[in-house]
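Quick look at what TrEMBL lists:
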DOMAIN    1-131  domain 'MGS-like'
BINDING   His9, Lys13, Thr35, Gly36, Thr37, Thr38, Ser55, Gly56, His88  substrate binding site
ACT_SITE  Asp61  active site, proton donor/acceptor
Amino acid sequence: MLRIALIAHDRMKEQMVQFSIAYEPILEKHKLYATGTTGTKIMENTNLEVKRFLSGPFGGDQEIGALIAKNKMDLVLFFRDPLTSQPHEPDILALLRLADVHNIPVATNMATAEILIRSIDQGDLAWRDSI
Ligand SMILES: O=C(CO)COP(=O)(O)O
């Protein structure tokens, strides 16, 4: 079982909901985390159980970053909005930087997220279990 963070900016939340519905059979096998509003939307639209942190602009990205730093997160699926500036951009960059520091796979759009989620279902990320 992997620990997966699900995060979506406002304009990408509908995509995240569709993604969660489509991949619910895979996602339900793992421990899911999300920023506040993203987690609420996923739980409203699926039967998935998601541990929610604060909303992104209020520190949720930082909370997920802290789990990465402590080696308690295995995968980040972050549907970023590339066309809208975010007041908490430093927090977003900090989260992505920590993922690179700790060599955690990150998808920043749905196309990559689909590849990663299919690949973890084939056991491609099993090496994380031994870390
Ligand atoms: O802003 C976010 C990530 O940077 C997402 O936060 P919410 O899921 O609370 O909208």
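Every residue gets a Cβ built from N, Cα and C, even glycine.
Overlay of TrEMBL feature records on the structure.
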residue: His9; record: substrate binding site; DSSP class: coil
residue: Thr35; record: substrate binding site; DSSP class: coil
residue: Ser55; record: substrate binding site; DSSP class: coil
residue: Asp61; record: active site, proton donor/acceptor; DSSP class: helix
residue: His88; record: substrate binding site; DSSP class: coil
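For the binding-site residues shown (His9, His88), fewest C-beta neighbours within 10 angstroms: His88.
Counting residues per DSSP class in helix, strand and coil order gives 70 helix, 20 strand, 41 coil for the domain 'MGS-like' (1-131). Within the same chain, the residues at least 6 positions away from the residue listed as 'active site, proton donor/acceptor' whose Cβ sits under 8 Å from its Cβ are Ile7, Thr35, His88, Asp91, Ile92, Ala94, Leu95, listed in sequence order. Per-residue confidence over the domain 'MGS-like' (1-131) averages 96 (mean pLDDT, predicted model).
Within the group of binding-site residues (Thr35, Thr37, Ser55), the Cβ with the highest number of other Cβ atoms inside 10 Å belongs to Thr35. Across the residues annotated as binding substrate (His9, Lys13, Thr35, Gly36, Thr37, Thr38, Ser55, Gly56, His88), the widest Cα-Cα separation comes to 17 Å. Each residue in Ile7, Ala8, Asp10, Ala34, Pro57, Gly60 lies on the same chain as His9, Lys13, Thr35, Gly36, Thr37, Thr38, Ser55, Gly56, His88 and has a C-beta within 8 Å of the C-beta centroid of that substrate site, without being one of the site residues.
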